[in-house]
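K.L.:
One structure, pasted below without further comment.
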Amino acid sequence: MKLAFIGLGQMGQGMAANLVKAGHDVTVYNRSADKAAALVAQGAKLARTPAEAGEGVEAVFTMLADDKALEAVVFGADGLISTLAPGAMHVSASTISVALAERLAQAHAEAGQDFVSAPVFGRPDAAAAAKLFIVAAGAPEVIARLQPVFDVLGQRTFVLSETPSRANLVKLSGNFLIGSVIESLSEAIALVAKGGIDPAAYLELLTSTLFTAPVYKTYGGLIVGEKFTPAGFAAPLGQKDVRLVLAAAETLNVPLPLASLLRDRFLALLAQPEGAELDWSAISTLARRDSGQ
Ligand code: NAP
C-alpha cells in the first residue's frame, strides 16, 4: 500500500520501519528531519512537510507526542489535511484527547477523507518488534482495508466502535490503570523495603503468584531496578495522559480520585530538575521518598 508515516519518535521509528520491511511504499516525515535518516536508508521516501507526505497516499499514519503536535501536523501551515485525497485515510496512533479525535473525525469527514483512531498499547521495544496491541475505532469498511497494515504493526487489533474517539477514551483509561499500578506497586515496595524485605525478591513473589500480568513485570522491574533512563515513555507524556483522562472524565461527570492523585505525583516529579528526562515509572521515587528512604 502507498503509505505515509508522520512522527518518528521512540514509537514511530519502529512502526515505520516495520511498514518498510513489509514492502509497503512508505513516505516519512518528522519535524526534526535527522530522525528520518535511518528510515530513508532502509528505503523510505522523505517528505519535507506533512502536506507533501499526504500527497497521493492511500493512508497516512500519525504517531506524535500530543494534541498540539498532531494539530500542527494536520491543520497547521503545510498540514496534511490540505493534500490528503478524498477517500484517503488518516490513522491516528498517538495518545490524544477525546476532544481532538472528535474534531479530527469531523474535519476529515468534511474533506471527504476517512479518519480512524488507532492508539496502541506497548512500549518502544514492542513497536520495534511489531508486538503492539492496537485499539481501533472507525468505519468498519475503513478498518477492514487497514487490517493488513495493522497486522504488520501489532500482534492484535481490537475494534471497539464506529466512533473513532471511543478508542482514545479506552487508551486513556488503560494508561490511567498503568499509572495506578505504578503508584500502588511503588507504595507497596516502599513499605516492604522499609520493613527489611529485599524488593527484588518481593517482586519475584508477586509476579510469580497473583500478579503475573506484564504490567507488573515490566514496571516492577523498572521500579526495583530504578531504571528510569533512558525513558521508554517519558514522564511528560505520562503527565499528559493523566491530564487527558481527567478531562475526558470531567466531560462525562465521572470522578477519578486516583487520577487526581497521579496528577499531583507527576507535578512533583516534573518539578525536579531532571524530572522531564525520566521514564514515567519514576513517580515511584516519590513513594520511596515519602517513606523516608
Ligand atoms: P517521542 O519519542 O517524544 O516522539 C514524539 C514525536 O512527536 C516526535 O516525532 C516529535 O518530533 C513529534 N512532535 C512533538 N511535538 C511536535 C510538534 N509541535 N510538531 C510536530 N511534531 C512534533 O514520543 P513517543 O514515545 O514516540 O510517543 C508518541 C505517542 O505515542 C505519544 O502520544 C505517546 O503518548 C504514545 N505512546 C507512547 C508509548 C511509549 O511507551 N513511548 C506507548 C504507547 C503510546 P521531533 O523529533 O521533531 O521532536
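Each position is counted from 1, following the chain as shown.
Positions of Cβ are set from backbone N, Cα and C atoms, glycine also.
Just so you know, TrEMBL annotations never went through curation; they're auto-generated.
So TrEMBL lists these for the protein:
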{"type": "ACT_SITE", "residues": "Lys171", "note": "active site"}
{"type": "DOMAIN", "residues": "2-159", "note": "domain '6-phosphogluconate dehydrogenase NADP-binding'"}
{"type": "DOMAIN", "residues": "167-283", "note": "domain '3-hydroxyisobutyrate dehydrogenase-like NAD-binding'"}
K.L.:
Reported in the order helix, strand, coil, what are the DSSP residue counts of the domain '3-hydroxyisobutyrate dehydrogenase-like NAD-binding' (167-283)?
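P.N.:
Tallied per class, the domain '3-hydroxyisobutyrate dehydrogenase-like NAD-binding' (167-283) gives 88 helix, 2 strand, 27 coil.
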K.L.:
Can you tell me the mean pLDDT for the domain '3-hydroxyisobutyrate dehydrogenase-like NAD-binding' (167-283)?
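P.N.:
Here the mean pLDDT over the domain '3-hydroxyisobutyrate dehydrogenase-like NAD-binding' (167-283) amounts to 98.
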K.L.:
Below 8 Å Cβ to Cβ and six or more residues apart, same chain only. Which residues does that give for Lys171 (active site)?
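P.N.:
Once residues fewer than 6 apart are set aside, Lys171 (active site) is near Thr95, Pro119, Val120, Phe121, Val135.
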